[in-house]
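Taken from TrEMBL, the feature transmembrane segment covers 27-46. Positions annotated as domain 'Alpha 1,4-glycosyltransferase' by TrEMBL: 254-375.
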Amino acid sequence: MEKDNCNKKSLSEVLDVRQFRHTNSPVFSTAIFAVIMLLVVAGTILSNMSLKSTFFWSSPTSEVIQTNRMERKSLAPPKNTTSRDRIAWLHSHLTEFEVRFFMTWFSPAEYFGKREMLAVESVFKAHPQGCLMIVSGSLDSLQGDSILKPLNDRGYKVFAATPDMSLLLENTPAKSWFQEMKSCKRDPGRIPLHQNLSNLARLAFLYKYGGVYLDTDFIVTRSFKGLKNSIGAQTVVEGDSKNWTRLNNAVLIFEKDHPLVYSFIEEFASTFDGNKWGHNGPYLVTRVAQRARETIGDNFTVLPPVAFYPFNWLDIPRLFQTPRGSNDSTLLKTDLVKLNRESYGLHLWNKITRKLKIGKGSVIDIIISDHCVVCRGIQR
């Protein structure tokens, strides 16, 4: 009983957005996403719309203008109209965005640090006309507004929005899994629940809306335009870049209603294990994609490791080191050529590198300088 109560409390802390907030990366063509955009871009709460039409928490009060939201003058729907009119206006303008990205952040806002901001900034360095939604209860706050303000002040379209997981998972194979977890009928396991909710949320967003998902420790180094229904290999058979052995879910690019993404969600719900790291994340997409080779065929592309994971978690630490001699300098130049010519970005493997200092003149130091847009003290 004590364990059940503990699990229930832990789950409520993750899922109850209202409580959490007090404690503290294809075209999105649906009216639901328009509501999200309207909430943040125009700074208006649509309280007269029920949760049946939006998977984000809305204010229980009457429709008001939030004073803590900065007005996005570059994309602001008319104010003195009905909610339906404003949604229709915004929906007609969504195609103005070059590329649509989203990330998830299920941790407190104060943990969203300089390296996470570098990941966000790199999106706009490569896609200045892009749009990034961060799915997060903690960043959808005054503190989150302050964190994202330097980018918004420069006209970049980045915002945070609070998810309602129940409605996000409506009509997906994971709906019953979530209800069982929420009612404490299923063991969440030893892995922090927010990690697995992030694994699931990215899949649900991709399936329902399509787009580009990025982890917050991924640095974009060139435009994603032209990529479609793609996932990156992390490891391959030596000497054969097409014979992959493991995929990764840190970068996912899929159109709405893609059958492979549906299979990912189905696998998550049917084989969930909260005690095995990676089982519901990179290992999941690997085993499903392996089976899908025969059933789905050429409906998706597996890109070689150099696309998103040019350096594995064993090699990545040396990219943080200042070159100490001619050999190091030569290797640094080779690394940069590889990144600039062959890769779309660089996964930093934050679990390994979070505490590493960024050496002056290192590969990471140069990458930061080349791909930041605000560039405030990220190297420190």
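Counting starts with 1 at the first residue shown.
Heads up, the Cβ atoms here are built off N, Cα and C, so glycines get one too.
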DSSP-derived helix, strand and coil totals, residue by residue, for the domain 'Alpha 1,4-glycosyltransferase' (254-375): 66 helix, 7 strand, 49 coil
Rounded mean pLDDT for the residues that make up the domain 'Alpha 1,4-glycosyltransferase' (254-375): 93
